[in-house]
Amino acid sequence: MSFRQIQRTTCSWFLIVLLIWTNPASANGPDVTECYTVNGADYEGSQSHVESPTSTTSSFTPCVRWADAGVEEFQSLPNNYCRNSNNSVFPWCFVSVGVGQVEARMCDIPTCSTPAYVGCFRPNINTTMTSDGVIMTTPLMNGADMLSSDPKMKISRCLNFCRSRKYNYAGLTRGHSCLCSKWPNSMESDAALSDANRLPAARCRQIHCVEDPIHPCGGNDAVAVYDTDAGSCKVKYFNQTHGTIYSPRWPGRYQHNLSCSWQVYVPKWFPKTSNYAALFSFLHFDLHGSEDVLDFITFEGVFSAGSKIASYNGTLSDPADLEIPVDNTTKVFLLNFKSDGAKARKGFVISFKFRKTETIASPSTTQLSISTEPPVASTISTTTITTETTTTVTTTTASTITTTPRVIPSTTAEANYDSKSPTTSPKSTKPAGQAPSKPPVNVIVIGVACALVVLVTVSVVVVIEMKRRRKKVPKEITPPADFKNPVTFNNGSKTVNIV
């Protein structure tokens, strides 16, 4: 193998390893979900068969086109894609069971799972047999507290029950029972909630909740496990580059006269320059009236005065994404929610992620901007933030990008800073006209690493070549028999000739 081939091969393999190391998502698989509701009512994907795409079955059961099913209520649904327009327990479709006959079947969609849902698990784990032939099992949910045969059971009730007793996980089974669990460390929780104890997702959609017919509450001998942080107040997100925030009592309706807050801390290692920002995406938003308000406030530190960035209330139906630049002074984002005593609604689901953004410029774009009041030194601004539509022409200057939060519906491209960035954020956008940014950190690291690899490779090849040449013995040259070449050398004062 030539030196050039060695160089290319070594550099290529090193780049592959380095990319996997710097991008864990590529090694562990994408962290993607298409649903943020428990029952998949927000699913808009394109699966058109009943079985999971990852199934080992040799053939899939195709869905019938909604327009051909003969049911007027669903005539307008697209093609033959699985949908849940009637608030069933999960997306479904019609399948053919004979000439002119159809029936409804639930779809198995692996990518339709709300982030708060951990999965479907067997109720007992670690089955062993003693020397006496007695079978011993360990319950999956190890908490002493539980609700059994509860006539008011629903997901939010079970989450509240376990959360109030300081458990990390809540499990629903048989439609009417709630189990709680808390493991002493992540190693034990990972072992209990491993794939070895996981059941097919459909097993936990067999029975709907007693008090909530649109949501499944586990199944017979199957436990649907949820993270109790979902729907809780006063959650703090430390050093997390992405996450999901759920309104109180999710997936139920929030309470009346409520005050609730969440704190999102800027990761310590995150670059604090104009090219980096925090993006908040409204995946679901349903508040009542103008008195139920969600405020976004930034703080420079624990004891600093806050500055209100934006405010949203029930008069908005579909807020656009909110992007807030991260600078050297930004330390904490506070989301503060207050409700009045009137009718409560389903609340909100908001995803956040810290990212590096890049913009593809276009001749013109229409963007929705949030006007803000300058922060007051000692108080939090209480001015209601309004939205207005303005048309801007893209130029090479971006004078306000680093100081003003943006609500953005324009078409852009982004480069995620976080390799584990959540899931698809369909509304993730960025305005045109931003100044060129510095190369990503990964690009610099890869470039330096590749240069080092080339240098090391050259050194190794040179050393090997030198050793090879030293070991090479020259051939002995024998002169002809009649070769007579006098050799003369000086021995002191006289010259000696040898013939």
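Placement of Cβ uses the backbone N, Cα and C atoms for every residue, glycine included.
Going by TrEMBL, these are the annotated features:
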| type | residues | note |
| --- | --- | --- |
| SIGNAL | 1-27 | signal peptide |
| DOMAIN | 34-112 | domain 'Kringle' |
| DISULFID | Cys35-Cys112 | disulfide bond |
| DOMAIN | 114-229 | domain 'WSC' |
| DISULFID | Cys233-Cys260 | disulfide bond |
| REGION | 396-438 | region 'Disordered' |
| COMPBIAS | 419-431 | compositional bias 'Low complexity' |
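Taking the Cα atom of each, Cys35 (disulfide bond) and Cys233 (disulfide bond) are about 22 angstrom apart.
Within the same chain, the residues at least 6 positions away from Cys260 (disulfide bond) whose Cβ sits under 8 Å from its Cβ are Cys233, Lys234, Ser247, Pro248, Tyr254, Asn336, Phe337, Lys338, listed in sequence order.
Take the disulfide-bonded residues Cys35, Cys112, Cys233: by the count of other Cβ atoms within 10 Å of each Cβ, the lowest one is Cys233.
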